Amino acid sequence: MVDESKLQCYHKGCGLLFDPKENDNEACTYHPGGPYFHDAYKIWTCCDKKSTDFGTWMNYKGCTRGKHSNEKPVDIVKVAAVKEIRPEKEEDVIVWKGLNKSGKLDSKDATKRIEQNLNVEVTPGATAAIEKKLKEISEAAQSADIQIGAPCRNNGCSTEFDGSKNKENCQHHPGAAIFHEGMKYWSCCNKKTSNFGAFLEQVGCTSGEHKFRNNEIVSKFREDWFSSNGFVTINVYCRGALPETANIVSDGHTVRVSMKHGFGNASVDLDYDLWDEVIPEESRVVIGERKVEISLKQKHGTGWPRLKFDPELDAKNDEEA
């Protein structure tokens, strides 16, 4: 039963209930700075702690002590936006006017392009490997000592380990956090908001078991690509990619990839500005045991000199053509 005399602390990195009568200058450990998202990294501006994994980043312990506060923060997205990602001089900025050589593509307003989820298939081998590994992780966690107060690592859950088995259902988001064009949402339920605080308060869409421990798994991955028979194929080599967290979308000119791998303990976020146009509805994704294969149907039958559009190289080729 909730103690109505206690208030909710809205400091970033805290989120605990507190008694106003016992709120001194050492009561709260939090992040006074705002969140900052750049090149797949999630960063706290106050201490520069960063991670590509949203859950790991959210669980970084605060860097400052002070009193708890029950005042809800203003839209901190606007504050974070003041920080420049690339403060180039105006004359150094390259203006992108196309994804290919001039005249090769029909003119298209980028703001009107609609992203589509690519069809995802999972191989039987990948399904079996995931089930086996997750069972091993669950059994290991139950037998290992867990520190009292350890937070649940599932996205959207703030439950702390209290010494019992914590068998009550864990309401959480199994998907990955997506940040795109000012919007924040979970790939598992797609409830979008521009307010970071509202995003964090979204109730989980799935019930399951709490996860009080992170298992150390290598988070490295590599990628390559090739073209054959009218398809351009991107291979992302990583073990234990979780299908339910995969958010792979394309608007025909770009592809965005966000998913958890390492059986849920690492994440990858990739963005591709493609050299030429593809057909999303005729493209597909195959999640295997050790790699994720993204096959993109080419709209034009021409060969691709490279996977990504390069403003400098393609502008130069345009002039020489």
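Residue numbering: from 1, along the chain as shown.
In case you wondered, yes, glycine gets a Cβ from its N, Cα and C as well.
The structure displayed is predicted, hence computed values, not measured ones.
Positions annotated as Zn(2+) 1 binding site by Swiss-Prot, on the basis of sequence analysis: Cys9, Cys14, Cys28, His68. Around His68 (Zn(2+) 1 binding site), taking its Cβ as the centre, 22 other Cβ atoms fall within 10 Å, counting all chains.
Feature annotation from Swiss-Prot assigns Zn(2+) 2 binding site to His31, Cys46, Cys47, Cys63. In the three-state DSSP scheme, Cys47 (Zn(2+) 2 binding site) falls into the coil class. Other Cβ atoms within 10 Å of the Cβ of Cys47 (Zn(2+) 2 binding site) number 16 in total over all chains.
Within the same chain, the residues at least 6 positions away from Cys157 (Zn(2+) 3 binding site) whose Cβ sits under 8 Å from its Cβ are Cys170, Gln171, His172, Gly204, His210, listed in sequence order. Sequence annotations record features per position, and here Swiss-Prot assigns Zn(2+) 3 binding site to Cys152, Cys157, Cys170, His210.
DSSP classifies His173 (Zn(2+) 4 binding site) as strand under the three-state reduction. Residues or ranges marked as Zn(2+) 4 binding site by Swiss-Prot: His173, Cys188, Cys189, Cys205.
Annotation source Swiss-Prot lists domain 'CHORD 1' at 9-68. Over the domain 'CHORD 1' (9-68), the average per-residue pLDDT in this prediction is 84.
The DSSP breakdown of the domain 'CHORD 2' (152-210) into helical (H, G, I), extended (E, B) and coil residues amounts to 5 helix, 18 strand, 36 coil. Annotation source Swiss-Prot lists domain 'CHORD 2' at 152-210, citing sequence analysis.
The feature domain 'CS' is assigned by Swiss-Prot to 218-308.
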Separation of alpha carbons, Cys152 (Zn(2+) 3 binding site) and Cys189 (Zn(2+) 4 binding site) (Å): 20
Tally of residues which DSSP labels helix, strand or coil - the domain 'CS' (218-308): 6 helix, 54 strand, 31 coil
Distance check against Cys14 (Zn(2+) 1 binding site) for the binding-site residues His31, Cys46, Cys63, Cys152, keeping those with Cα within 10 Å: His31
C-beta crowding around Cys152 (Zn(2+) 3 binding site), within 10 angstroms: 21
DSSP-assigned states of the domain 'CHORD 1' (9-68) in counts, ordered helix, strand, coil: 8 helix, 18 strand, 34 coil
